[in-house]
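As recorded in TrEMBL:
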ACT_SITE  HIS125  active site, proton acceptor
BINDING   PRO225  substrate binding site
DISULFID  CYS94-CYS175  disulfide bond
DISULFID  CYS127-CYS132  disulfide bond
DISULFID  CYS182-CYS377  disulfide bond
DISULFID  CYS262-CYS289  disulfide bond
DOMAIN    84-381  domain 'Plant heme peroxidase family profile'
REGION    1-47  region 'Disordered'
SITE      ARG121  site 'Transition state stabilizer'
Amino acid sequence: MIDRAPCQPDKIHGECTRAYKNPRTPPTSTQAQPQPQPHPTITMASSSSPSAARALLVLAAAALVLSYVSAAAGAGDSPPLAKGLSFDFYSAKCPQAEAIVFAFLKDAIRKDVGLAAALLRIHFHDCFVQGCDGSVLLDKTNGVDSEKVSPPNVTLRPSAFKAINDIRALLQRACGGPVVSCADIAALAARDSVHLAGGPRYAVPLGRRDGLAPASLDTILGALPPPTSKVPVLLSFLAKIGLDADDLVALSGAHTLGIAHCGSFEERLFPKEDTTMNKWFAGHLKLTCPRLKVDNSTANDIRTPDVFDNKYYVDLLNRQGLFTSDQDLHTDAGTKPVVTRFAVDQAAFFDQFVKSMVKMGQINVLTGNQGQIRTDCSVPNAARSAGDELPWSVVEAAESFVL
């Protein structure tokens, strides 16, 4: 039997939200959940007709790209594009690229709903640290530790890294070689994860190239603010990479998906409860985190943890934000009006989120002849030994046995 705590109606919808002792089964909204808009269906022809299959895939890809470009055109004042990026970057080189990414993720997220949040988080942690260059995907390189082992990144999911590399292998076979960068795959995976979880559909500018080395620990710690940070500190971090208060509030809305470990917010519970936290919510969290140093996890968004919507902001209005960095968005006088607007107007949140994601996705990008297009997202090409440099047809044949 699941124990229930007293009902807590929220301030926006008057909904009754109950706490569940099972940390894996957080309460959800009783309202209808938004459904993602359908993408063009990718129908594969029989194996006896490979040319027909390719033609169908190209047609589906063209329809998919057109739908995203149309969405971008209707988005209003979109951020300017960085030099070297474009919305149709792969239209000639590999027109089916976006359709392949979406088809893979549609199946993968259907099997593992938590993958959407994990992929979105990887893109954030990539872009905030030395730009959107895929460096977070690298293993230890030339004596520099992988970014994955740094304190802010140790909870990034291995399955999400694997998904990105699996997509890379599919694209390399379909495109005839390393055409789509790992940094672009991370950006596309984040975009499609948002949409598949019920969020907006939007176009992503492409053309990023991959960095050659992981960032140092000092660089990582200087770029990723801890969840204990308050708004002034958060804004100081974002100002260094060209983001502002509207971007801060909108991008924080990504916490409508995913989970967090007790260590990320335990200072709000012990030794004394944070006075900005709803008492009922504090009690609910203590069911999962009864004391310090407990390695349990709970949903970021208590209402609709697996749906990309605006309920995160409803949480904040009800003083049910999980991190200090979340709840302070509502406490701070400068960001509170934006939180309130997003809580009552999901379309306004979606519109700003898209603009902020496109803006974030262009931070310090490598383009043109900078960087490289990795043939393995976890290893820079230069790190491969001479014996590893096989003809592409041999690499393609070998990878066909492991996917």
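Cβ coordinates are placed from backbone N, Cα and C, and glycine is handled just like the others.
Here the structure is a predicted model, which means the values were calculated and not measured.
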Same-chain residues at least 6 apart in sequence whose Cβ lies under 8 Å from CYS132 (disulfide bond): HIS123, ASP126, ALA183, ALA186, ALA187, ARG208, MET360, GLY361, GLN362, ILE363, ASN364, VAL365
What same-chain residues, at least 6 away in sequence, bring their CB to under 8 Å of the CB of CYS127 (disulfide bond)? ILE241, MET360, GLY361, ILE363
Under DSSP, is the residue listed as 'active site, proton acceptor' helix, strand or coil? helix
Please report the Cα separation of the residue listed as 'substrate binding site' and CYS289 (disulfide bond) in Å, rounded to an integer. 23
Which residues in the same chain, at least 6 apart in sequence, have a Cβ under 8 Å from the Cβ of CYS377 (disulfide bond)? GLY134, LEU137, LEU138, PHE161, ILE164, ASN165, ARG168, CYS182, ILE185, ASP210
Average the pLDDT scores across the domain 'Plant heme peroxidase family profile' (84-381) and report the rounded value. 98
Spacing of the two Cα atoms, the residue listed as 'active site, proton acceptor' and CYS289 (disulfide bond), in whole angstrom, works out to 26
C-alpha of CYS289 (disulfide bond) to C-alpha of ARG121 (site 'Transition state stabilizer'): distance in Å? 23
Ranking the disulfide-bonded residues CYS175, CYS262, CYS289 by other Cβ atoms within 10 Å, which is at the bottom? CYS175
Identify, among the recorded positions HIS125, CYS182, PRO225, the residue whose Cβ has the fewest other Cβ atoms within 10 Å in this structure. PRO225
Just counting, how many other CB atoms are there within 10 A of the CB of ARG121 (site 'Transition state stabilizer')? 22
Taking the Cα atoms as reference points, how far is CYS94 (disulfide bond) from CYS262 (disulfide bond) in Å? 43
May I ask for the distance between CYS175 (disulfide bond) and ARG121 (site 'Transition state stabilizer'), taken between their Cα atoms and rounded to an integer number of Å? 27
